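Have a look at the structure below, then the notes.
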Amino acid sequence: MIYARIAGTGSFLPGEPVSNDDLVARGIDTSDEWIVERTGIRTRHLAARDVTSSDLACEASRRAIAAAGLQPEDIDLVIVATSTPDCIFPSTATLLQSKLGMRNGAAAFDVQAVCTGFVYGLTIAEKFIRSGSHKRALVVGAEVFSRILDWSDRGTCVLFGDGAGAVVLEASDKPGILATALHADGSHHPILCVPGAVASGQVIGDPFLRMDGQAVFKFAVKVLGEVANEVLAESGMEAGAVDWLIPHQANIRIIQATAKRLGVPMEKVIATVDRHGNTSAASIPLALDLAVRDGRIRAGQRIIVEGVGGGFTWGAALLQF
Ligand code: UT7
């Protein structure tokens, strides 16, 4: 039996942390108290003007590849989950491949599932590896969400940040990813979207992120509970058998409500949203890498990663680290 196992993790946050008070100092009509109470976010990182998603992806990928004890050319599949690609085409994955100096002809493409993008990418890579067609996949979530924020909309601009997280997934005869579930329901697209497009040399429509926060909140808690239970059922496990829950890092209140629904104590939940805000597709691999590097996550432990985002999309993976 071929499993897909995580062989290394990496992450990258650009520049210095920007605090809630820094946002107030920049003229945003908000407060540290409001942001912390409603979201748990204390700081986020904002990429410099000339830094792109593939730049952030490259730093995170180098760290993940080094952690796996590999070289970039050992990778035969590159998947980048992003909603903030460097350009319309080519894909951010091919630009990343070039920046990593990979000339081995590895397949490379992007996945667009917004904040669930990393779980979608991980699941796709797992299928490639289990089929025997590929041996080592680099799966990255990378975003510069600061580029699509309306900085005059305090209901959204305080929530998001920039960053990247990456894993190397490797074929193994030892258990790795045990169960996955992916879902989408496009009828919910209006509650979280960037509706604009580029056509005929112009931006057509609204190029900024728009969100009905309360509708998103309710939907997120519901489906994060359901999809975690789905992967538990698929692998024949109870929630108590899981060492760590890593939900999408959007809001501490969504994370707490999800954990409560699942009966998982907060001591078993990785929450790093306070440090980097909502980094969309980057949030799960960022949280995973931070917890691997601070020693909380150890070899052999069972982890559920789960995401929800625009589309709406949602999904989860249960894995043995
Ligand atoms: O990847 C998924 C991404 N999306 C999310 O995670 C969002 C999920 N939703 C949420 O996290 C919450 O709905 C928010 C944090 C976005 C908002 O919290 P809320 O408790 O739903 O607040 P609200 O939208 O009902 O607004 C309450 C008040 C309003 O003032 P009034 O009308 O009561 O006077 C807002 O104008 O809070 C005000 N407000 C703010 N005040 C200070 C909204 N944004 C801010 C702000 N600072 N940044």
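These residue numbers are counts, starting from 1, taken along the chain as shown.
Even glycines carry a Cβ here, placed using N, Cα and C.
The Cβ of Cys115 (active site) has 32 neighbouring Cβ atoms from other residues within 10 Å, across all protein chains displayed. Taken residue by residue with DSSP, Cys115 (active site) is part of a helix. Annotation comment: TrEMBL describes Cys115 (among others) as active site.
DSSP assigns His248 (active site) to coil in the three-state reduction, placing it in neither a helix nor a strand. Here His248 (active site) comes close to Cys115, Thr116, Ala220, Leu224, Ile254, Asn278, Ser283, Ile284, Glu306, Gly307, Val308, Gly309: these same-chain residues lie at least six apart in sequence, with C-beta atoms under 8 angstroms from its C-beta. What TrEMBL lists as active site is His248 (among others).
Under the heading active site, TrEMBL lists Asn278 (among others). DSSP assigns Asn278 (active site) to a strand.
Per-residue pLDDT, averaged across the domain 'Beta-ketoacyl-[acyl-carrier-protein] synthase III N-terminal' (109-186), gives 98. The feature domain 'Beta-ketoacyl-[acyl-carrier-protein] synthase III N-terminal' is assigned by TrEMBL to 109-186.
The domain 'Beta-ketoacyl-[acyl-carrier-protein] synthase III C-terminal' annotation in TrEMBL covers 232-320.
The region 'ACP-binding' annotation in TrEMBL covers 249-253. Outside the region 'ACP-binding' (249-253) by six or more residues, the chain places 38-41, 115, 159, 217, 220, 271-274, 276-279, 283-284, 286-287, 308 with a CB less than 8 A from a CB of the stretch.
Cβ contacts within 10 Å of Asn278 (active site), excluding its own Cβ and spanning all protein chains shown: 25.
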